[in-house]
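Student: Feature table excerpt (TrEMBL):
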- 74-92: transmembrane segment (TRANSMEM)
- 98-118: transmembrane segment (TRANSMEM)
- 189-211: transmembrane segment (TRANSMEM)
- 217-237: transmembrane segment (TRANSMEM)
- 335-354: transmembrane segment (TRANSMEM)
- 374-397: transmembrane segment (TRANSMEM)
- 409-430: transmembrane segment (TRANSMEM)
- 537-561: transmembrane segment (TRANSMEM)
Amino acid sequence: MAVEEGIDDYTQDGTVDLKGNPVRRSKRGGWTACSFVVVYEVFERMAYYGISSNLVLYLTKKLHQGTVKSANNVTNWVGTIWITPILGAYVADAHLGRYWTFVFASLIYVTGMSLLTLSVSIPGLKPPPCHQANIDDCKKASTLQLATFFGALYTLAIGTGGTKPNISTIGADQFDDFHPKEKASKLSFFNWWMFSIFFGTLFANTVLVYIQDNVGWTLGYGLPTLGLVISVMIFLAGTPFYRHRVPAGSPFTKMTMVIVAAARKWRVPLPSDPKELHELDLEEYARNGKFMIGSTPTLRFLNKAAVKTGSTDPWMLSAVTQVEETKQMLRMIPILIATFVPSTMIAQINTLFIKQGTTLDRHIGNFKIPPASLAGFVTISMLVCVVLYDRFFVPVIRKWTNNPRGITLLQRMGIGLVLHFIIMAVASLTERYRLNVAKQHGLVENGGQLPLTIFILLPQFVLMGTADAFLEVAKLEFFYDQAPESMKSLGTSYSSTSLGIGNFLSSFLLSTVSDITQRDGHQGWILNNLNKSHLDYYYAFFAVLNFLNFIFFMAMIRFYVYKAEVSESMHVLTEELKVMRLKASNQEAAKGIA
């Protein structure tokens, strides 16, 4: 009995220690290991949002850039921040593993943060102060100053490329999908993961932006740099408690092999019985802590990669499980595309929403609210909604749907998409009201501050946090959950890729709309003087874009097929192995009798 308990204590999902030895469930993983990971994420988000939340104001006030140029520099950098995780996921899955990829990338991250702090601190690395109303009259930053500042920003972006797709995956890896209790804990992990992210974000959007606006940029960037260093040390301290996954090879190579094999055999007919397709032995899957995936009729053309033609070349023949893993990644692409537009909306928080705030009355008594601190209401709203969703909404809805999550991940994402349409409609109406007040007080031409409280922007920030509680949490969990076991980092990078492309799309739309609306002598929708601009039209355009995107999303989810639950697949595999071994035992017994 003691021996059986000892065996049961080992994880069943193939996780190991850094030396490659199987790990005991009671010694590693679980919430104990996750606590070190979550602490890192709090400080890391503090560092990232400590920069991104106020970056558009640094570019306009200190580097003297215009509205469109500064906003595009922010979204291009943020886009890079969220795109580089694809590379980090590849390195982790194919070569170094998640732990070592994260460790090396975090050192690059710290280097970038340190250089950035120096660039805002040393007088020679920034242009002289300017108090002109028109920033075009100010001295521009030199090539050296721009190279130093943006070089630090993009060094930091490379670092986040290795940390972002792996840190959340490392956290999720601490729970064994094949253990009922741990699997149940994992369902709440992503909600609390987002909670930790936005806790760090809240500090950045309140305390750090206030320090940057009222004390100085040196301290405002120095504090998150110090916090990042401490968080890396905390993560390393948790190393003895972590479970690790051995790199399973490049997911891109595996997927390419399937696509190439299917293309090369496009004239080969498919057998009527899927069991005639090539598949590895059940014993091999069980030995490696993996599970077999049965052939499915979706994306049927790819099944040709598993048709036996006599060749065993991996570029000519793929196992059914490998084909199905490729299908799982490809099936998620339409859902990924549907998240690009809402990610573009998120990009407005740290650009145009903040610029709007600079035109409004920010005083509460003698206290002056930093415009970027309004992003803190996105965080507060998100934190409240995540707790209410996890603790109240899910238990109630679960009784009606019998779904452990309450509603499906795609349904949760759909609610978020509807909220994004509402957000931009509200933002458009609010901006129209702001522009009317500017006309009434003769503040259109001089771009002066309006006698209107900054809190009129509060609804669009609060609604954005509510939308994040549905869409962003569900998106992160969906792409992790639906990715094959050997491609989890790549699956997680889908979520960050969505934000990256959304930011690049924001840059493209802002530049394009600004250019088109200024043609033929027209005033234009987006100018340096927001009181002369028409952001209300721009936001209305976004509302229409969100509505069309929601229709696209609804069309795509009709064809989406959720992958089989890991625990169910493992149960099937175990039962099949028992049957096979029983048959083999009976055959041996029959031979002995003969």
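Cβ from N, Cα, C; glycine included.
No curator has checked TrEMBL annotations; they are predicted automatically.
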Student: Sequence-remote contacts (6 or more beyond its ends) of the transmembrane segment (537-561), Cβ cut-off under 8 Å?
Tutor: 296, 298, 331, 334-335, 337-338, 340-342, 344-345, 348, 352, 410, 413-414, 417-418, 420-421, 424-425, 427-428, 431, 513, 525-526
Student: Taking the transmembrane segment (189-211) as the reference, which of 74-92, 217-237, 374-397, 409-430 gives the largest number of Cβ pairs under 8 angstroms?
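Tutor: If we count Cβ pairs closer than 8 Å to the transmembrane segment (189-211), 374-397 scores highest.
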Student: Mind pulling out the one from 74-92, 217-237, 335-354, 409-430 with the most Cβ pairs under 8 angstroms to the transmembrane segment (98-118)?
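Tutor: Result: 217-237.
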Student: Should the transmembrane segment (74-92) and the transmembrane segment (335-354) be scored as in contact, given a threshold of at least 3 Cβ pairs under 8 Å and pairs 6 or more apart?
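Tutor: Touching, yes - the transmembrane segment (74-92) and the transmembrane segment (335-354) meet the threshold of 3 or more Cβ pairs under 8 Å.
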Student: Near the transmembrane segment (409-430), which same-chain residues lie under 8 Å Cβ to Cβ, leaving out any that are not at least 6 residues past its ends?
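Tutor: Distant contacts of the transmembrane segment (409-430): 335, 338-339, 341-342, 345, 348, 353, 456-457, 459-460, 463-464, 466-475, 477-478, 481, 536-537, 539-540, 542-543, 546-547, 549-550, 553-554, 557, 560.
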